[in-house]
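Record features (TrEMBL):
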type     : residues                                                              : note
ACT_SITE : A:LYS205                                                              : active site, proton donor
BINDING  : A:LEU9, A:GLY10, A:TYR11, A:GLY12, A:VAL13, A:VAL14, A:GLY15, A:ALA16 : NADP(+) binding site
BINDING  : A:LYS105                                                              : NADPH binding site
BINDING  : A:GLU190                                                              : L-homoserine binding site
DOMAIN   : A:355-430                                                             : domain 'ACT'
There are 2 protein chains.
Amino acid sequence: MKTINIGILGYGVVGAGVAKLLKQKKQLLESRIGAVLNLKTIADIDITTDRGVELGTTALVSDATVIIDDPEIDIIVETIGGETIAKEFILKALENKKHVVTANKALLASYGNDLVKTARKNLVDLAFEASCGGCMPIIKSLRESLVANDIKAMSAILNGTCNYILTKISKDGSEFEDALKDAQQLGYAEAEPSLDIDGFDTAHKLAILNSLAHGMEINLKDIHVEGIRTITPKDIEFAKEFGYTIKLLAIGKIHENHVEARVHPTMIPDSNPLSHVDSSMNAIVIDADATGQAMLYGHGAGMMPTASAVLSDVADIARNIISGTKRRVPILGYPEDNIKPIPILPMDELYTRYYLRFEAQDHPGVLAKISGILGENNISIKSVHQKGRKTNGNVPIVMITHIAKEASVQDALIKISKIDSVVGSPVVIRIEETVQE
Amino acid sequence: MKTINIGILGYGVVGAGVAKLLKQKKQLLESRIGAVLNLKTIADIDITTDRGVELGTTALVSDATVIIDDPEIDIIVETIGGETIAKEFILKALENKKHVVTANKALLASYGNDLVKTARKNLVDLAFEASCGGCMPIIKSLRESLVANDIKAMSAILNGTCNYILTKISKDGSEFEDALKDAQQLGYAEAEPSLDIDGFDTAHKLAILNSLAHGMEINLKDIHVEGIRTITPKDIEFAKEFGYTIKLLAIGKIHENHVEARVHPTMIPDSNPLSHVDSSMNAIVIDADATGQAMLYGHGAGMMPTASAVLSDVADIARNIISGTKRRVPILGYPEDNIKPIPILPMDELYTRYYLRFEAQDHPGVLAKISGILGENNISIKSVHQKGRKTNGNVPIVMITHIAKEASVQDALIKISKIDSVVGSPVVIRIEETVQE
C-alpha cells in the first residue's frame with residue numbers, strides 16, 4: 001500500500017484535531033482510500049505543551065522548514081491562521097510543489113488570488129473545505145455537486161459566535177453585552193471578539209464562496225460588512241411580531257453584470273429555513289437554477305468538525321496521488337483562465353426591504369413628519385406599529401418598508417434623526433424574504 | 001478540447017431533464033470541466049413525442065443497443081427506471097466498459113451488489129447521486145466529505161410524496177385519503193401511489209445509504225418498512241400536544257455488530273431539524289463522530305434537481321477521463337474487498353420510545369387494565385393523556401412510553417386489543433429523540 005506523507009504547520013486546536021483524527025482513523029482512512037496517510041511531522045513554536053495526541057512516530061519540530069523542505073512530504077496542512085507567517089509558509093510550500101490544505105479564511109479572502117496563481121504555476125492543489133462552514137461540504141458542493149447550475153443566490157449563517165449571541169438575545173431577552181460575556185465564558189467567543197461579532201469573519205467566508213459560486217476573483221474589500229453589536233432585545237421582539245428572526249447573514253447574489261455581496265444583521269421570515277438555525281450552528285441556503293433551494297447545516301467550527309473537513313481535502317488529494325493525477329478539480333471551481341473579476345454592487349445601489357425603528361417623544365405630528373421624509377425619498381411603507389410602550393418617556397415607531405433604495409433610506413434616516421422629537425439614532429435592519437418555490 | 005460522448009437510455013421526465021440541462025449548460029460545463037460533454041444519442045421506445053428539448057445534432061433512436069454498443073460513447077445515463085430492462089441495459093453497458101450514471105434506486109437497492117461487482121470486473125464507474133435525495137449531495141458527502149468519520153446514525157425524509165401528505169394532514173387537518181388525492185392532483189403522487197406511501201421508495205434509498213455509511217453490502221430485504229396510510233389528523237394533533245411532529249423517516253444506526261435499518265412514521269421533537277422540513281422537501285440528518293450533527297436539505301425529486309445530480313456524476317466521471325484515471329473513489333465509498341455483510345437488527349429486538357393511542361369505552365378500570373398489561377411487559381409509561389374528547393362515545397387514551405422493547409410492545413398491544421372496553425386497533429408510532437449536542 002502506498003504511503004502518503006503529511007506535515008502539519010501549527011499545533012493549536014485545529015492542528016491537534018487534525019493530528020488526532022489522522023491517528024484515530026488510521027485504519028478507516030486506509031480502508032477507504034487504499035493508501036497509508038502517514039503524519040510524518042508537525043511544526044509549532046511550542047513543542048512542549050501536551051495536546052493530548054498520541055504522536056507515535058510523528059516528529060514534533062519547532063522549525064516549519066523541516067516540513068516545507070522535506071522531499072518526502074506530499075501534503076502540507078496549514079493550521080496556523082492569520083495572514084503573515086501562514087502566507088509565507090503556504091507560498092514556500094506551493095513553490096516546493098507540495099499540495100496545501102488550509103482552513104485559513106482570512107488569508108484566502110485577502111490573498112487567495114495570489115495563492116491560487118502560485119499553486120497553478122507549480123501544478124499543485126490548494127484545498128480549503130474547512131475555511132467556510134466547518135464540516136458542511138460547502139466548497140465541494142459548489143465546486144462539484146452544483147457543477148451544472150448557475151448559482152442565483154446564497155444566504156448563510158457562517159459565524160457560530162454571532163449566531164449563539166443572537167439566539168441568546170432572542171430566547172432569553174439578554175442585552176448584547178451580557179450575551180457576549182456568556183458566549184465568552186462558554187468558549188464560543190474570543191476575549192477579543194471583533195473578528196467575529198463585527199462581521200469580518202463572515203465576510204472572509206463570503207468572499208471565498210462568491211468566488212466559487214460565480215467563477216469570480218476573490219474580492220473581500222468591496223463586501224459591505226456590519227456586525228451585531230447594535231442588535232437589541234427590543235428589535236428582536238418587534239421582529240418576532242412581524243414574523244421575522246434576526247440573523248447575521250452573508251448574502252451573495254448574481255445579477256447581469258455584478259454581484260451583491262453583503263454581511264449584516266438581517267430579518268428573515270419563519271419560512272426561511274435559516275430562521276431555525278440556532279445556537280452556534282451554521283447553515284447555508286443555496287438557490288441554484290436547476291436544483292432550486294437547498295441547504296447545508298452543521299457545526300461551523302470546533303476542533304473535530306474542522307479536522308473532519310481538513311481530512312476530506314487530504315483524502316481528495318491522496319486519491320489524486322494514487323490515481324496518478326492532480327488538480328483534477330480547479331481550485332476555485334473554474335479553471336484559472338475562466339475566472340473573471342466581477343464587480344460588487346456598491347451598497348448605496350442596493351434595493352431591498354427595511355425594518356426601521358425610531359424612538360420619538362410622544363408629540364402629535366411626529367409620525368406625519370417621518371412619513372413625509374420617507375415619502376420624499378420614494379420609500380413606501382408596508383406597515384407601521386406605533387405602540388404605547390414608552391421607554392424613558394419615548395414611544396417606539398416601527399416600520400416595515402416595501403423595496404427601497406439603500407441610498408434613499410440612508411438619506412431619509414439622516415433627515416429623520418434631525419427631527420426635534422426624534423430621540424437617538426434610528427435603527428435600520430434589512431429584510432431578506434425567502435425565495436418562494 | 002477533449003470531447004466526451006454521452007448516451008441517455010430512457011427519454012422520460014428525468015431523461016429529458018438531463019438532455020435539457022446538458023444542452024442549456026453546454027458552455028458552463030465546458031468552462032468548468034475543460035471538456036466538451038456531447039450528448040450523442042438518446043434511446044427510447046417512444047421517439048415521436050416532443051419533450052421540449054432542442055436536440056440539435058443529438059440522435060434519438062428506439063434501439064438502446066445503438067448506445068450500448070457505440071464505441072465512441074464514454075458515459076451512459078440510465079433513466080428508464082424499474083428493475084427489468086434497466087438492469088439488463090446497465091449490465092450490458094458495464095460489460096462494454098461504459099461508465100454508467102443512474103438514478104434508479106429500486107434497481108440499486110435490489111441488485112446493487114451485482115452491479116458493483118460487474119463495474120469492478122470491467123474497471124468502470126457506476127455513479128448514482130440522483131438515486132437518494134435528488135439534488136442533495138448525500139452520496140458525495142458519505143463517500144468523500146465524511147471520509148474520516150464513523151457514521152453513528154442517519155435519519156432522513158427521503159420521499160417528497162409522503163412528506164407533502166403528512167404536511168398537508170398536519171397543516172389542514174385533512175384525512176389521509178384527501179391529502180393523497182390533493183398530492184395526486186398536484187403531481188406529487190402517482191396514480192398508483194404504493195411505492196411512495198407504503199415506504200418502499202424510502203427503504204430503497206436507506207438500503208443504499210446504509211451501505212455507503214457503513215461499508216456494508218446493500219441489503220433491502222431486512223429493512224423494516226411501514227408507510228403512512230394509517231396516520232390520522234388525530235394522532236398528528238396529539239403529537240403536537242407532546243411537542244412532536246410526525247414524519248416518515250428512514251433511520252439507520254450502527255451498533256457494535258449490527259445496524260438498525262427501519263422506515264416508519266416517526267414522532268420527532270421540534271428541536272430535531274427534520275421537524276421543520278415541510279411539503280415535498282427532503283432532508284437527511286447525519287450524526288458522525290467527528291462532525292457531530294449535520295443536515296442536508298433540498299428537493300428530493302423533480303426533473304431539474306434530479307438532472308443536476310445526474311450531471312454532477314457525469315462531470316465527476318468526465319474529470320476522471322480527462323485526468324486519465326477512473327474508479328478514483330470506490331463505488332460504495334469503500335473498496336469492494338472491504339465491504340462486509342453487516343446484519344440488520346430484527347425489528348423485534350429494537351429498543352425505542354413509543355406513542356400509543358387506544359380508543360376505549362368510558363368504563364371505570366380500563367386505564368388500570370391497560371397499564372397493568374404494559375407493566376407486565378416491562379413497558380414503563382412516561383406520560384398519559386386521557387381527555388374527555390369522545391369519538392362515537394369512545395375516549396382516546398394516549399401514552400408516551402420510556403424506552404421499551406419492540407417485541408414487548410407488540411405483545412402488549414395484542415393483549416390490550418382483547419380488552420372488552422378497548423375499541424378497534426391500538427395505534428403505535430415510534431418516537432425518535434434528537435441527539436442532544
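Just so it is clear, glycine is given a Cβ too, placed from its N, Cα and C backbone atoms.
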Integer Cα-Cα distance in angstrom, A:VAL14 (NADP(+) binding site) to the residue listed as 'NADPH binding site': 13
A:LYS105 (NADPH binding site) versus A:GLY15 (NADP(+) binding site) - Cα distance in angstrom: 15
Spatially closest candidate among A:LYS105, A:GLU190, A:LYS205, the listed recorded positions, to A:VAL13 (NADP(+) binding site) (Cα to Cα): A:GLU190
Long-range Cβ environment of A:GLY10 (NADP(+) binding site), under 8 Å and at least 6 residues apart: A:ALA43, A:ASP44, A:GLU78, A:THR79, A:ILE80, A:GLY81, A:ALA86
The residue listed as 'L-homoserine binding site' and A:GLY12 (NADP(+) binding site), Cα-Cα, nearest whole angstrom: 15
Fewest other C-beta atoms within 10 angstroms, as judged across A:GLY12, A:GLY15, which are the binding-site residues: A:GLY12
Sorted by sequence, non-A:LEU9, A:GLY10, A:TYR11, A:GLY12, A:VAL13, A:VAL14, A:GLY15, A:ALA16 residues with Cβ within 8 Å of centre, NADP(+): A:ILE8, A:GLY17, A:VAL18, A:ALA19, A:ASP44, A:THR79, A:ILE80
Secondary structure at A:GLU190 (L-homoserine binding site), reduced by DSSP to three states: coil
Cβ neighbour count (within 10 Å, all chains shown) around A:VAL14 (NADP(+) binding site): 27
Overall pLDDT for the domain 'ACT' (A:355-430), taken as the rounded mean: 92
Rounded to the nearest Å - Cα separation of A:ALA16 (NADP(+) binding site) and A:LYS105 (NADPH binding site): 18
Whole-number Å value for how far A:LEU9 (NADP(+) binding site) lies from the residue listed as 'NADPH binding site' (Cα to Cα): 16
